[in-house]
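Visitor: Sharing the feature lines straight out of TrEMBL:
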type     : residues : note
TRANSMEM : 55-76    : transmembrane segment
TRANSMEM : 149-167  : transmembrane segment
DOMAIN   : 237-331  : domain 'Copper resistance protein D'
TRANSMEM : 240-261  : transmembrane segment
TRANSMEM : 273-294  : transmembrane segment
TRANSMEM : 314-332  : transmembrane segment
TRANSMEM : 370-388  : transmembrane segment
TRANSMEM : 400-420  : transmembrane segment
TRANSMEM : 440-464  : transmembrane segment
TRANSMEM : 485-508  : transmembrane segment
TRANSMEM : 520-541  : transmembrane segment
TRANSMEM : 553-574  : transmembrane segment
TRANSMEM : 605-626  : transmembrane segment
Amino acid sequence: MTTTLRLLNPAGISWPIIVGVLATIVAGLTTGIYAEALLADPGAATRWAVPLLTYARDFTAALTLGGFLVAATIYSPTMEERPRRRVTYDSPEWSRIMRFSRTAAIIWPIIEAALLIVTYSQVGGIALTSPSLGAGLWQFITAIELGQIMVWSVVLTVLVSIVAVMVSTLGGAAWGVGLSAVAMVPIALTGHASGAASHTLAVSSIYIHLLAMSAWVGGLIALLATAPRQRRLASYVHRYSAIAGWAVGLTVYSGFLAAFIRFNAPSELVTTSYGRLLLAKVLATGLLALAGLIHRRRTIAVVESTPRPFTRLAVGEGLLMAGIIGVAAALGNSAPPVPQDPVPDPSPTFLLSQNPVPPYPEAINYLTQWRLEPILALVAVVGIVQYVRWARRLRRRGDAWSGARTFSWVLGMVVFFWITNGGPTVYGAVLFSSHMFMHMVLAMVIPILMVLGAPVSLVARAVPARTDGSRGGREILLAVAHSRYGGFWANPIIAAINFAGSLVLFYFTDLFYLSLTTHVGHLLMVAHFTLAGYMFTNALIGIDPGPTRPPYALRLVLLFATMAFHAFFGIAVISSTSVLANEFFGWLGLPWGVDALADQEVGGAITWGIGEFPTVALAIAVAVAWSMSEDRQAKQSDRRADRDDDAELRAYNEMLAARARGGK
């Protein structure tokens, strides 16, 4: 691979940087972002620095996440072809990829800090050379929402860089991917998404776009900068190709959603400078997808013997990708046709929930009202598609997989999609009773359907195991299931405490209010209660690997104790004389004449009443599993007795006879 980029070769790694900077400049000139402001102009230095530092931030973030992703899921850390013992981290490409990721991670927070300062200069209309620049900076980062979010960006990226310096293992690389993804959350919360009327749709679509582009762009450049010349190159390229395929799909999905809310009409794609620039970005992305298709059909098949065609095309891709990030940086600092500010004079409901007042909550509206949440919708759709693919893979090779398990999982994902994107979410944003219905289904109904689907067992059987010491999705999932961290939360007692105790910790603290008023809080609430319910249910009736399950009698004790606590919580909500999250529900000003306290009583009744049905279902499932377990043990005992002519029974009788003789 003589033409690959090399991290320690400044001339090589500088080319995508140069291309990206040029793209940012040209795209910015197209939309006029470098022009002098009519009011409170911060100066040319700030006007040019903001989009260029935005590009540098996005490019460095992509290299960080992409580098760690390559290390965690593509490269083998060992020189051994089929390592059997503890993995040794001695492969040259492993050293290079970790050095690559660390370098990018160290640069990232420096750029974030610089971007914070120039953003304050832009927002405040203060020149970078002004003596008063520092006077209001503290207020910007402590009292202004944009400044607070950007401080979190700096803090999180510093954490990423610290972890990057400290880790050198597969697990550490996986943590690097996760923390890099978390550090991108503040990026999604700023820019066009921060003030958009469709705030939740904008934030989620931009976040998916960031992750997908980072995996696609950062992964390819990391691969080019660190991959071996010949050895294992083909397998590494195949693995990256699979990741890139997913990244392309996610980029198109999120890009369409992000663009959908930026235009009043399709004609603005050609009648506005913003639209024309977006079309150029779409065209460039299409060329990248075409290059990926050529890779799959032509160059990857011969990369082991003749890597030059792959390398040339991939280097061209890397340069084009850097240019796309530059165009995106310019677009992010340009005004879209649809104004960023919310509709004028919004209602109290819109101010508090960031959503318009829905129609009167009739039963039919719970089926007809929809509000897409891109991340949660993606989880449901991908969950169905991948599960069905894996189940079909097993059947094609002649292995059995229960159709009932497939039906259960698919039904669970369909219900999850409806609960998180349909009427329950629409009305759960303004009515406590609807919120509690959504919560009960997330924590008690969907987990049962998921556990019956046995997804971990399906992955373990359907996805081929890797033998070179690297980790794919199968290895990562099983590593989490068998890890001390995963084992702790999957412990039946801990799972029960988490499942029940979370109710009190969440609803009687400010966490509930945050979940109602912030999009990130809402997503974390959905994730936590769904996973808490899954862990608890899996400990009771699951067959997936992971927790050491207690005897069936103790499982029933845990079930009834937990559900009793659940019932007491419902009664406490019903009998409460104060409104939970009163700063929210008490000030919505809904036009239906809703009594917030009366609606809360309905929510408490839902908690108490609906919880009984899953409890009975779980109790029946545990009892059936107990009975089947005893039947299996009896059959095993009978077969053993047939094989050894009841040796165990004879030994027991002889022991009794010996004791009787000794007693005489």
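Glycine is treated like the rest: Cβ placed from N, Cα and C.
TrEMBL labels come from automatic prediction, so no person has curated them.
Predicted, not measured: the structure shown is a model, and the values here were computed from it.
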Visitor: Would you mind listing the long-range same-chain contacts of the transmembrane segment (370-388), meaning Cβ under 8 Å and 6+ residues beyond its ends?
Guide: 200-201, 204-205, 207-208, 250, 253-254, 257, 355, 406, 409-410, 413-414, 416-417, 420-423, 425-426, 453, 455, 458, 523, 526
Visitor: Using a Cβ cut-off of under 8 Å, list the residues of the same chain at least 6 residues beyond the transmembrane segment (55-76) that approach it.
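Guide: That would be 16-17, 20-21, 23-24, 91, 93-94, 97-98, 100-101, 104-105, 107-108, 111-112, 115, 160, 164, 170, 173-174, 176-177, 180-181, 183-184, 187, 210-211, 213-223, 226, 232, 236, 239-240, 243, 322, 325-326, 328-330, 468-473, 476.
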Visitor: Grab the pLDDT values for the domain 'Copper resistance protein D' (237-331) and give me their mean, rounded.
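Guide: Computed over the domain 'Copper resistance protein D' (237-331), the mean pLDDT is 86 on the 0 to 100 scale.
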Visitor: Using a Cβ distance cut-off of under 8 Å, indicate which of 314-332, 400-420, 440-464, 520-541 has the most pairs with the transmembrane segment (553-574).
Guide: 520-541
Visitor: Kindly say whether the transmembrane segment (440-464) and the transmembrane segment (314-332) touch, using the definition of 3 or more Cβ pairs under 8 Å where each pair is 6 or more positions apart.
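Guide: Counting Cβ pairs under 8 Å (6 or more apart in sequence), the transmembrane segment (440-464) does not reach the transmembrane segment (314-332), since there are fewer than 3.
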Visitor: Write out how many residues of the domain 'Copper resistance protein D' (237-331) are helix, how many strand and how many coil, based on DSSP.
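Guide: Computed counts for the domain 'Copper resistance protein D' (237-331) are 82 helix, 0 strand, 13 coil.
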